[in-house]
Amino acid sequence: MNHLANQSQAPGGLYAHRPTIHPRTVTGANRRRKNAVNLTILGLLAIVPWLRWDRGHGMPNQAVLFDFAAMRGYFLDLAIWPQEFYFLTAILIIASFGLFLVTALRGRMWCGFACPQTVWTDIFVWIENSIQGDRNARLRLERMPLSFGKAVKKGITHALWLTVSAATALSFVVFFTDAPTALTALTSGTASVTLLGFVLFFTLSTYLLAGWAREQMCFWMCPWPRIQGAMLDHHTVMVEYDRARGETRGQARIGQDMKGRGHCVDCRLCLQVCPTGIDIREGLQMECIGCGLCADACDGVMARFGLPSGLVGWKAQIPKPWFHRPRVLLYAGLMAVVIACMVVAGGRRNMLELNLLHERSPLFVTLADGSTRNDYTVKVINRERRERDLRLSLSGLDGATADQDRIRTTADDVTTFRLGIRVPARSVPGDSAALRVRLTDTETGEWTEAQTFFAGGVAR
């Protein structure tokens, strides 16, 4: 029976003390994969915000930056504007279908290998193991009364946890502000309250979730363990115990004849290495995160007994090729559709846009020579990383002229100005008429236009 079941049967009140889980160190293929994923994620988090990317004068030179002040998202050469938030929405949808696809294929592999909660808990356990010793040493230390030696080991452990938490917080926060500037501000004592607040918040969050909550985050706070069951079927490859081969289990000695009995020697190493403290031999459980460390431990035991590996391992109840599974094809197809839509939208992306807003008060002005003037607020969106010289032209009304025919825009910015358009008396419409305004880049010939209305002699 796993520790959760024991807690649920505890009499008296709704709260049961949570025994600290001290997983045992193990080596094997899954452990090596976890180490590789951990290092990759940590490397990306630590390195990416410090990468530089030249975007020209006056532009941020951080390769990846979510600039809330300027309302931009920068990814190398790509700058995402607020009007293009659908790109980020598409990325989130793709990530969701990707998670569904991985779950349908390999169970909770995301949880066991790449979830930030798992990665940082793994790092904190490694620190704990390095300072306090492996599982048995940590259990002895926990049962010991408080002493100088225990206080020193615990103090060093928590100090390192806080150091890693602070480094994590800084690495995350500088995705949203210039990294060197933020580091200089923090080290020189000139950081804003906002910057300090976010760094402190994420430091405490990391420390509490990875150091104290650990697997409880997965059990009670994260909804994914309850949702992912809808994506699994008999063809999903998951970490499972081969009951037919392992039972009836029982203690055994190395060199003992294993014929006529189950291969499980009931060493309980699979339970001791599990970061959530469950017994994989009890079957599929919501608490299993699919890390495969129990398989590594079992394979090591099988090797010592001269038995085949795989008593605990990655397997499906009913193996079936992925391309024969409608569920997998559906998730992959939906991902492909969203990716295709994103590519098409990116290819049709306008780097120059024009918006016109007709002034309402007054709607029009009749001048002394009989001509009529309408005023507009014009916004020109220039997504290029260079300034533009634009030529303004009008169509739709004979003789229409603007009070300016050349506009200069700033790089990667919105240029706003007022525009007056005059129409001679002979062409003034009785009520209103359509009018098109075009802006043409004098250097490249790229153009954009917008349609508005020109109010004539009858005010509404």
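Backbone N, Cα and C atoms are what each Cβ position is placed from, and that goes for glycine too.
Any TrEMBL annotation is an automated prediction that lacks curation.
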TrEMBL annotation (transmembrane segment) - matching range among 64-82, 159-177: 159-177
Beyond the flanks of the transmembrane segment (189-210) by 6 or more, those residues with Cβ under 8 Å of it: 117, 120-121, 123-124, 161-162, 164-166, 168-170, 172-173, 177, 182, 217
Helix-strand-coil residue split for the domain '4Fe-4S ferredoxin-type' (255-283), DSSP-based: 7 helix, 0 strand, 22 coil
Segment confidence, the domain '4Fe-4S ferredoxin-type' (255-283), expressed as mean pLDDT: 91
